[in-house]
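Written below as structure tokens is the structure these notes are about.
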Amino acid sequence: MIKNNLNKLYSLIKYRSTSVFSNFRNISNYINDATNFVNTSGLTSNTNYLIWVDTKKFKTNIFKGSKGKWTLVHSYLCSIGKASIPTPKGNFKIGIRGLYFGKEKGYICRYYTQFKGNYLFHSIIYNLDGSVRDGRLGKAISDGCVRLALENAKWIWDNIPQGSTVKIT
């Protein structure tokens, strides 16, 4: 019985460690692929930050550096525009920012940072009482904006200077 339990435990540990290694390898591959994409695209920025939104992987990638020497510093899961109102693709610049919007419509999105007209990076959607109205990430569900977890929207709001390049593919 003890031997049987030890064999089960060994199988579980072996499966878990293989799974963890596989996940690590996938993350490592994505970091390398994202960095290679940005550095071979000839992208420049007026600041030492650049954002690449990968709409296929639902990732908002933050890079620091300069043309051909970008280093990935953050990669955040995000939601993008639904099929009827897609997130625009192309090269844009960071514009204005604000603490929140939507209160007059009965919801709040926090820490918005503009990248094109009415298109913004912002938090998930909250009710006026502070509870989460829609916290889904990794989906095409927004009205064209890029939704992020609250702390990630705040990081962009706090750290990405106006004029930084935003690349959306």
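Backbone N, Cα and C define each Cβ position, glycine as well.
Please treat TrEMBL annotations as automatic predictions, because they have not gone through curation.
Look at TrEMBL and you will find His122 tagged as active site, proton donor/acceptor. As annotated by TrEMBL, active site, nucleophile applies to Cys145. Positions annotated as domain 'L,D-TPase catalytic' by TrEMBL: 49-169.
For Cys145 (active site, nucleophile) paired with His122 (active site, proton donor/acceptor), the C-alpha to C-alpha distance reads 7 Å. The DSSP breakdown of the domain 'L,D-TPase catalytic' (49-169) into helical (H, G, I), extended (E, B) and coil residues amounts to 13 helix, 63 strand, 45 coil.
The local packing around the residue listed as 'active site, nucleophile', expressed as other Cβ atoms within 10 Å of its Cβ over all shown chains, amounts to 21. For His122 (active site, proton donor/acceptor), the count of additional Cβ atoms within 10 Å of its Cβ stands at 27 [all protein chains shown].
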